[in-house]
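Heads up: the structure comes next, in structure tokens.
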Protein chains: 2
Amino acid sequence: MTQHFESLSRIKCQALHAKVMSAEQAAELIPSGATVGMSGFTGSGYPKQIPSALAKRIREAHDNGKAFKINVWTGASTAPELDGALAEADGINMRLPYQSDPTCRNKINTGQMHYMDIHLSHVAQYAWFGFLGKLNIAVIEVAGIREDGSLIPAASVGNNKTWIDQADKVIIEVNYALSEKLEGMHDIYYGTALPPHRKPVLINEPDDRIGSPYYQCPQEKIIGIVVETYDRDRVNHFSEPDEVAKKIASHILNFLKEEVRKGILPPNLLPLQSGVGDVSNAVISGLQHGEFDNLTAYTEVIQDGMLGLIKSGKLKMVSATSLSLSPDGVDELNENIDFYRERIILRTQEISNHPEVIRRLGTIAINGMIECDIYGNVNSTHIMGSGIMNGIGGSGDFARNSFISFFVRPSIAKNGDISAIVPMVSHVDHTEHDVQIIVTEQGLADLRGLSPRQRAEKIIENCAHPDYKEALWDYFHRAQQSGAQHTPHILSEALSWHDRYLKTGTMKK
Amino acid sequence: MTQHFESLSRIKCQALHAKVMSAEQAAELIPSGATVGMSGFTGSGYPKQIPSALAKRIREAHDNGKAFKINVWTGASTAPELDGALAEADGINMRLPYQSDPTCRNKINTGQMHYMDIHLSHVAQYAWFGFLGKLNIAVIEVAGIREDGSLIPAASVGNNKTWIDQADKVIIEVNYALSEKLEGMHDIYYGTALPPHRKPVLINEPDDRIGSPYYQCPQEKIIGIVVETYDRDRVNHFSEPDEVAKKIASHILNFLKEEVRKGILPPNLLPLQSGVGDVSNAVISGLQHGEFDNLTAYTEVIQDGMLGLIKSGKLKMVSATSLSLSPDGVDELNENIDFYRERIILRTQEISNHPEVIRRLGTIAINGMIECDIYGNVNSTHIMGSGIMNGIGGSGDFARNSFISFFVRPSIAKNGDISAIVPMVSHVDHTEHDVQIIVTEQGLADLRGLSPRQRAEKIIENCAHPDYKEALWDYFHRAQQSGAQHTPHILSEALSWHDRYLKTGTMKK
């Protein structure tokens, strides 16, 4: 690892120059057993040098027969340099609240790591309440340090404000690859309090600003500053959505048009929330070429597609907690930063995902799922009931509190060996009480106002893949001839599709 | 049915006298196929004469070979005179959002009635949004009608404001058995709006008033007024909690004491929310004799025990949506109504259960459950996966948004043939992301900050009944030798305890 002392130009606070050190030196400040709050949200704004240096240190300790693990808290997912490196080194004891790294997932699913999967709106307050134990060290990427010692946030905010406040000690990574002109884009709310002293969060429109552009951090808490001169966030290039994603998006967009026609939604819709991935990209692409104008978004993540929507004038403004942009997206942002800064607000995660604000604004939520059952229960996190995929993220915050909420995915996976619609889900993240609209490429099931049996008819008929439709009808009809009829199930068979997949490699008989 | 025209003294608005009629005449105004929004919340404030008259009319129609069903929406549960009578007559097509009537339950579970089980905070807004279809008629019990035509609410508020606003036509039952001095106790909030026009709900303390004491209803919407002269709400006598309930309560109270000692909770705790039933009564009784002072409550229902807590000065004030009092409780209230009116606020259900307010106040939630699994997923509604018991009620609103939340129940049922702790719940109402503390008479499992495997160890060790502990450990250990290890399950066995109960009458092998 090279040390980067080339320039202290972004550390305007002279008193802090003495704390500049190498990533290796900073990693030395993190002891085994520490609980470390790191920056990072959907592959953006994570520290890029200290985690790798720490992973190296952990491997060396293990090679010398010494135990060395830490607990890692973040905003959401990070990147191979953080989750991947630390998991690979067997350096993580407990990880929360969200991850999507293959190595990390593998360590969790082989029982070598603990993982607590938390609603993103709960994380910061659980730390404030003392529910998660003591936070020892915060490791936070920033775009710069101002003369008064306040910190200019990087491309994601996540839980950084909370980690800085709650940790005993703070280590900063200053990223020189970020545009200095990000300054002013962020809205860091310092009005939170513990009950019984809480007050309303006064956001009535997605573009209301209620905070400051900077993190506050007492200088005495800062124990190290590492200068990054080149590392960019590692986000994949934006890929064109495939035909299946386009079909799902078109079902959603047609439904929204119909709701506008009925007067249920206003002509410019309501603030959009959209998860990450192919279907979201397809929806955004559909909006780009569609009839809706003057849109807004109150969401977690801004991806490349949203920059396009902003540029075309379709999308007036976006509130989020993370800029998760491809290299091309970063270039586009940097080249037009003054334009985008007027139209983008990055907030702390407890505000971007706050039930109070989401319900008040009445967002339109579009989130992916792994599977849903015929009665409308949704599994967003588990593969075949036992293995974690990524985590619930903010989908629960938005699904329950939005004006209207969609759960989406292709009707089959693994070349047709897995059906996304099953008799009973193998894990529940969103209950029947929280699920309104299910969409696959086959069609859309509007579950509002329906009983479980009525929901089953809509879901099987509209959303199931033809290869599995008959078997689902068969289960549903036979279940109606056995036992109680509110949510008819045959318990000895309810999870047999998953069990068959585990044993034979396909859900098909 | 006798007609009660004895007195119009509580109908101060002269112009409405012409609309007074018998319950039978009022029932004639409700046609088959109508969707009817009725008052009523936990056996309190429901119309007492029209539903029975309507049930009679429905039976007569059926006897004559004519179809006659209506859809019934309420605040929550009602009483035999409403749910029981209409279900017995096979008069209900769709029921929402909550019921607890044996006949009603039976009709749902035999497939003769549809039931949609909704978070109580969602109901009113779904009606405003148009998600549930058109509401034709509201049938609302009140304590009186003022000169200007405004309505004095009865012993529960529930969704009455919404039903009156949304229905095309309104029928009123004026209950002369209620104290006229209830006037002024209610806080009916008219500041709600549809997105994008919503504003913060400005409740910062449980005793903040933000509304009016009366319902507003255009006189031309009122098509009938029925005078009740004698009918009281049918609420059972308060019974002394049994030993099991007392043990559960003592685990909760000891835990709260410890949280105060650690500085996590303030000495006067935070506003209490408590479901209905034996354990709640035991907790209230424990508080009556315990060390906590200056308590407040922000809850759904006020039962007899809370009056005692108010009287003793332990409880400063209660906000709820319903007074569910036994005849003795009603007498106590009426005899000291001026005292209680200063300390009780009854709100609309969308405010008593509002996520925004619950999260801001940071309530302490205590709710019953049917079963929970070793990983902390809770089933509050379904018997053996298929049959409805009552409904989710407000437990989801409070569990997810409270400062801290308990799910409680005895560790066994049916003389030990059912274990409340199972390998996998047969239905999920509260996911692993929403469950913090599990309590049975055996002990308390604090799940905060734990991974699924860590939760399993706590739940089995602390909460399971000795008769089932070994079998739970056995399942958990064997599941850890098969498949993915985040949430270890053996899918072919996960629901076998329920299946065995259905087939053999016991979960025991």
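Just so it is clear, glycine is given a Cβ too, placed from its N, Cα and C backbone atoms.
Heads up, TrEMBL stuff is auto-annotated, nobody curated it.
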Candidate sharing the CoA site with B:G275, B:V276, B:G277, B:D278, B:V279, B:N390, B:G394, B:K414 (per TrEMBL), from B:I310, B:I370, B:I437, B:I438: B:I370
Have a look around B:V279 (CoA binding site) and count the other CB atoms within 10 A of its CB, chains all included. 28
Could you give me the DSSP helix, strand and coil counts for the domain 'Acetyl-CoA hydrolase/transferase C-terminal' (B:329-475)? 55 helix, 38 strand, 54 coil
So what's the mean pLDDT when you look at the domain 'Acetyl-CoA hydrolase/transferase C-terminal' (B:329-475)? 98
Between the binding-site residues B:G275, B:G277, the one whose Cβ has the fewest other Cβ atoms within 10 Å is B:G277
Maximum Cα-Cα separation in Å among residues B:G275, B:V276, B:G277, B:D278, B:V279, B:I370, B:N390, B:G394, B:K414, which the record lists as binding CoA: 26
Pairwise Cα distance for B:G277 (CoA binding site)/B:E300 (active site, 5-glutamyl coenzyme A thioester intermediate) [Å, integer]: 13
